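Just below is one structure, and these are the notes that go with it.
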Amino acid sequence: MGDMDPHIFAVAEEAYKQMARDERNQSIIVSGESGAGKTVSAKYAMRYFATVSGSASEANVEEKVLASNPIMESIGNAKTTRNDNSSRFGKYIEIGFDKRYRIIGANMRTYLLEKSRVVFQAEEERNYHIFYQLCASAALPEFKTLRLGNANYFHYTKQGGSPVIDGVNDAKEMVNTRQACTLLGISDSYQMGIFRILAGILHLGNVEFASRDSDSCTIPPKHEPLSIFCDLMGVEYEEMAHWLCHRKLATATETYIKPISKLHAINARDALAKHIYANLFNWIVDHVNKALHATVKQHSFIGVLDIYGFETFEINSFEQFCINYANEKLQQQFNMHVFKLEQEEYMKEQIPWTLIDFYDNQPCINLIEAKMGILDLLDEECKMPKGSDDTWAQKLYNTHLNKCALFEKPRLSNKAFIIKHFADKVEYQCEGFLEKNKDTVYEEQIKVLKSSKQFKLLPELFQDEEKVLSPTSATPSGRVPLSRMAVKPAKARPGQASKEHKKTVGHQFRNSLHLLMETLNATTPHYVRCIKPNDFKFPFTFDEKRAVQQLRACGVLETIRISAAGFPSRWTYQEFFSRYRVLMKQRDVLSDRKQTCKNVLEKLILDKDKYQFGKTKIFFRAGQVAYLEKIRADKLRAACIRIQKTIRGWLMRKKYVRMRKAAITIQRYVRGYQARCYAKFLRRTRAAITIQKFQRMYVVRKRYQCMRAATIALQALLRGYMARNKYQMMLREHKSIVIQKHVRGWLARVHYRRTLKAIVYLQCCYRRMMAKRELKKLKIEARSVERYKKLHIGLENKIMQLQRKIDEQNKEYKSLLEKLSNLEITYSTETEKLRSDVERLRLSEEEAKNATNRVLSLQEEIAKLRKELHQTQSEKKTIEEWADKYKHETEQLVSELKEQNTLLKTEKEELNRRIHDQAREITETMEKKLVEETKQLELDLNDERLRYQNLLNEFSRLEERYDDLKDEMNLMVNIPKPGHKRTDSTHSSNESEYTFSSEITEAEDLPVRMEEPSEKKAPLDMSLFLKLQKRVTELEQEKQSLQDELDRKEEQALRAKAKEEERPPMRGAELEYESLKRQELESENKKLKNELNELQKALTETRSPEVTAPGAPAYRVLLDQLTSVSEELEVRKEEVLILRSQLVSQKEAIQPKVNKNTMTDSTILLEDVQKMKDKGEIAQAYIGLKETNRLLESQLQSQKKSHENELESLRGEIQSLKEENNRQQQLLAQNLQLPPEARIEASLQHEITRLTNENLDLMEQLEKQDKTVRKLKKQLKVFAKKIGELEVGQMENISPGQIIDEPIRPVNIPRKEKDFQGMLEYKKEDEQKLVKNLILELKPRGVAVNLIPGLPAYILFMCVRHADYLNDDQKVRSLLTSTINGIKKVLKKRGDDFETVSFWLSNTCRFLHCLKQYSGEEGFMKHNTPRQNEHCLTNFDLAEYRQVLSDLAIQIYQQLVRVLENILQPMIVSGMLEHETIQGVSGVKPTGLRKRTSSIADEGTYTLDSIIRQLNSFHSVMCQHGMDPELIKQVVKQMFYIIGAVTLNNLLLRKDMCSWSKGMQIRYNVSQLEEWLRDKNLMNSGAKETLEPLIQAAQLLQVKKKTDEDAEAICSMCNALTTAQIVKVLNLYTPVNEFEERVLVSFIRTIQMRLRDRKDSPQLLMDAKHIFPVTFPFNPSSLALETIQIPASLGLGFISRV
């Protein structure tokens, strides 16, 4: 603990461990100035005990202990100028533990409640919190009867002027207080009683008095505050009003009732309020202690002392004096424990020690509590009849001034004094000291409260208290005359005599302090010194001088000196021996315990300065006991683990056997029942089909017969009529045809001759062009793979469908545009019509005006005529009136036309607006449709890509199965038979099997497929059938070539028969052997023919799915025949190879013997060979067989010698084992004579010696084997080189007809004559060595660290470029096929290694990019340099190979994802859910001990840091391997999806993880992962979006879950979660403390109702195995090929740069 930063949990843990280890009671003393944090520190210490220990019963005592804090803070804490939550009382809580150190109860003692705060608060201070909590909750229904209001309304809560604390919600605190009361067993009725009393105190403070004269006062009638107080207390208004204004005086003979002045009445009111509050405080403390009382016997306890700190204000009164007196006592106890007792202990035990001086505050304590001290003088003055604060001050000056250095008098005051405390000087005002020390209250007021019958709680507060009454002589000096109204003398009561002996407050406080000191001295104390950073309650402000002053005042500096030089831990010798006996060996235990302990300590702790030996004890420096405890716990843990391992293994084996037996029984019965049901179903189905068949046959036959009869009758009539008409027509047509025949014949002949000539010419030109195209197309198709065409058929069809959809949508769009244009045309025509109408109306208007003018002229003429005719004036007026009328009508007509014009304009504008709106709506609709359909097309494309990649994954899995089965069959076939040893034929096997990975046959995989589920058979059987058919065709071609070769051999043998007689008789046996061999080959050839005929018959049957399905006859025949054909074909190939090699070798062996004539047989043989010319192979075969026999004999002799050597070595080993056995028996006999401890030691020593010897022997053997391996490698290289040279010679000597190879179409592409660079040349026979060194045996780690990324890919591409330069298509195909197969082999062998898979994924992608970059296509050449464009491939189009490499890259990517998943799977749940990254978030859930005590720390668990380190490792490996950034983003996205899916699935399955604190933990972990993405610049990779369901689940755990608004917020927030997942999380949500609530069922139903319209998957868990479709964006390389250097470490010296 001394090496760690100070922490309250560390102190609490030390106290708890010492209690368990030393079995002694402990105390934690929290001290410091006011506002330094003592209360919070005490709460955290109690929380630690409650979390670590837990309760022994189901009563949750630890929760009750913690629940006492809110209650005591609300009624005992208040805001001061120094502290917003200052404890205005002291408390000492004893937490009791049983023998197993679990909490069983607690007890609380309180000291000196500051009662004066109830009635008075200084500026910027508050009353006790409970009053403000009541006022804040006044609006609650249950508090209506209390008639409360704002805190500013009450006199007792508004004096400080600061009723609100920043950041504190009093209403919420009231809820917490009520919950704590309920948890501690205070019923609701008692709670309401407490609140009534508190409300009554507030109303009592508002009671006002009116002065009648200087010596009496009254309360106004029906005074509202008093009436409310009386209603709440259940007392009479008149009686309480009377005794608030009067008091009773008792003399020896009679009793008088005396009125009191207004000032005394106010003091009496305040005294009554203080008294009620103090009794209520004590009553609540008693009930809390009852609730925390232990029901079983207490074994030990830990006390937590949270007492007021040192205080100094502007005005310091009696409360501050008692508080500082208590702090002086605590400081003295600290000095006694740390300084005096510690140093005395060292001197007593004779430990070398230098005494340290320290400040002793005993003089200050003597000044306060000694005889004639301040408290004694105060009590004495209280007993005086006319004692006052002034007289007491004068006594203090007379007694202590100038006599005690710690006592001073202020210069300007005679009513104050100064005491020099350990922390600072404090000036106390004497005013109020006597009154507060006496603590008087009038008895009559208490009696009125006791008489309450409606309120039962009120009398309980005053039942057992001592009669606290003011004595008659205690009245103030200014006495008022007695009232003239005399009262009868009261009878003497038994308790009245005890009033004179009432103890003062100071005396009671001094006694309680003495009891507290005795308790602390009887326990082992632990100190928590709280240092206040500043005096202004400012955050993040540290006053260095103020902190140093506090440290110096409380003696911390001297404590540090002692701690640095002292020994805080100590054990007696017997205690040390008893506890650490487990660390001692038997030989270390001596009769002298002291010497034994010394010997053990010297071995365990090497530094002798860390401990000291005293007379009776061993002293340890800080941290050494914890070190010894760790060693002891480790040893005990190892023993426990061994026991647990054995027992758990036995239990699990028993459980497994029982479960397996039960499962087999259940399976047996279920399968039997299913088989019976299936048989019954088949019988019923067959019977039903039979009945239906006959019934349907009858109905159809009847209907047919009826229709047939009717049809025949109609046909007869119709045919007769048609025949007659046809005859007449034929007669007419015959004559016309004769005429037309001659004319048309002449015309046709002329036109035919002219047309034929032109057509023949066009056909020649066109056919020549098409032939050229077809030739080029056939050349490309010769290198293509049919399998990929089949695989892409579905994708091409889908793309065609999508293209067709796009075309249809374009057509619809065009049609809509046409409609829109038609609407515009219609609008324009209508507009033109309206314009023409308007013009027409204008013309009519002009005509009307002209007509009007003409009418006027006519009227003038008429007037003139009438004047001339002397018409009367009346007629003129009539004409004028008619003219006016006509004018008015004309004007009206014009106005109407104008109105119609405006209406037409408005209609026109309305039509324009509608047309524009329709056009805009149509455009927006089309755009939305296009966007939606584009998104849908993208989704369909991703689905197709995912389906295609899944098919590739399935294919790779089947390919691996095929390879495994093929290896097994090869092993079975290659078992050596007696007298015959086959050579390796892999190089001579059919190359068509390895031309492309797509052409690999899957015949051996068929039995495995038959075991797969039936739903997977249908899509694979037909493709497999076509592949097998293609494979059969290839086998037929190979068989035909073998047959031709065999026929040629037979013809050679027949021609040789004529010369057989010239051969010597001694060669007859060999020739007979050869003829038998040939006959055997012929018979086997016929057998192969018959089997292939059967195979062809099976294939030519109807190819329905029933026939080609697994299990069908054709399918079985196909499988059996193909397997047998493959085996026999391999055998024949090997035999042909053996024959060829023997022929060639014998030909070379015969050549040197041409000129020798020493042996008759060899001469005759050579002559025969020269004569036979075409038949020379038979003679060479004979000589080869003889050489083979000699070789076999030599091999047999060497094997015999090696067998004899092995036999000798085995005999030597048997002898050494016998000697070892004898030695072991001797050692065993010696060990049996030793005691048990020595026997164990000896056996261990012997075992160590034996293992050391074995290790040395193994190292020697390893060195020998390394030397042998290096030697064999050198020999292998030499032999490989010789074999290569021999094979070259053999291939030159063998005729072209003997080489079996698939036909190769010539590629007639002219080669460009250029000086190529950036190419690598290698020989054809070095291809396997290239693949082996560059792929199979390459170590990714060395390449990634030392060489450029993607170097193997560049090397392979440069080799492909050279083959392309040579125009050797076979070499290109062979190299690419070997490369692909080599990569597959490496991944199959080391597929679990992340570095290997990542390395080859990077190189495969780089190889693919190189093939694209240098393909010569314009789309890939945009980013090339001119030099790189010169390096493009010139002769071959490798587009199909690019597709093969792309599929291989997809398979590698999927394997990489599986490796990532296997590595991350065990880390995710522990790191994301179980581990607490933020310590202390889980409040109730036990968090275990700190990491500082490593004795019980968890080991091997994964944390979030483990996951991030693993992600860093993955990212760095991929970057080192040069993987494309886009591909890295896809890998990271897949990793994050796995993390999110696994975490969410475990969260949905574990109830203990669904809590508010776990949601915060998950949010923090996700933020750390997002931070990792930002650091790696991967935020745009889409990885964050994959964590969205997990983020929303964490948010769901943290949000409120009560109201409908919360439900709406949840529905809008959790859009990435399904309805089932949301409901599951809400159902699993579990509160971890009393401040959280479980989600209601009604709320969950509300969520379900709101989400019922959401269309999502009903699946609860996410698919953690889902793999996103991968893409490989083209990423060209800027590296120049001619600059690449090949390092010698790759072992590629056989290739050269060109």
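Cβ atoms are placed via backbone N, Cα and C, with glycine included.
Bear in mind that the values here come from a model prediction, so they are computed numbers and not experimental data.
Taken straight from TrEMBL:
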- 1-633: domain 'Myosin motor' (DOMAIN)
- GLY32, GLU33, SER34, GLY35, ALA36, GLY37, LYS38, THR39: ATP binding site (BINDING)
- 513-535: region 'Actin-binding' (REGION)
- 785-975: coiled coil (COILED)
- 1039-1065: compositional bias 'Basic and acidic residues' (COMPBIAS)
- 1193-1282: coiled coil (COILED)
- 1377-1653: domain 'Dilute' (DOMAIN)
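Counting same-chain residues at least six beyond the ends of the region 'Actin-binding' (513-535), those with a Cβ under 8 angstroms from any Cβ of the stretch are 8, 11, 14-15, 18, 22, 24-38, 41, 45, 82, 92, 109, 111, 303, 305, 309, 325-326, 329, 333-334, 336-338, 541-543, 546-547, 550-551, 554, 556. Secondary structure of the region 'Actin-binding' (513-535) per DSSP, as helix, strand and coil residue counts: 9 helix, 7 strand, 7 coil. The Cβ of LYS38 (ATP binding site) lies under 8 Å from the Cβ of VAL30, SER31, GLY32, SER87, ASP306, ILE307, GLY309, VAL528, CYS530, each on the same chain and at least six residues away in sequence. All protein chains included, GLU33 (ATP binding site) registers 26 other Cβ atoms within 10 Å of its own Cβ. Close to GLY37 (ATP binding site) in the fold, though at least 6 residues off in sequence, lie CYS530, LYS532, each with a CB less than 8 Å from its CB. Ranked by Cβ neighbours within 10 A across all protein chains shown, the binding-site residues GLY32, GLY35 are led by GLY35. Residues GLY32, GLU33, SER34, GLY35, ALA36, GLY37, LYS38, THR39 make up the record's ATP site, and a Cβ search at 8 Å around their centroid adds ASN83, SER86, GLY309, CYS530, LYS532 from the same chain. The number of other Cβ atoms within 10 Å of the Cβ belonging to THR39 (ATP binding site), over all protein chains shown, comes to 24. Model confidence over the coiled coil (785-975) is summarised by a mean pLDDT of 77. Residues near SER34 (ATP binding site) in space but far in sequence (CB under 8 A, at least 6 apart, same chain), listed by position: THR80, ARG82, ASN83, SER86, TYR308, GLY309, PHE310, GLU311, LYS532. The Cβ neighbour count for ALA36 (ATP binding site), using a 10 Å radius and every protein chain shown, is 21.
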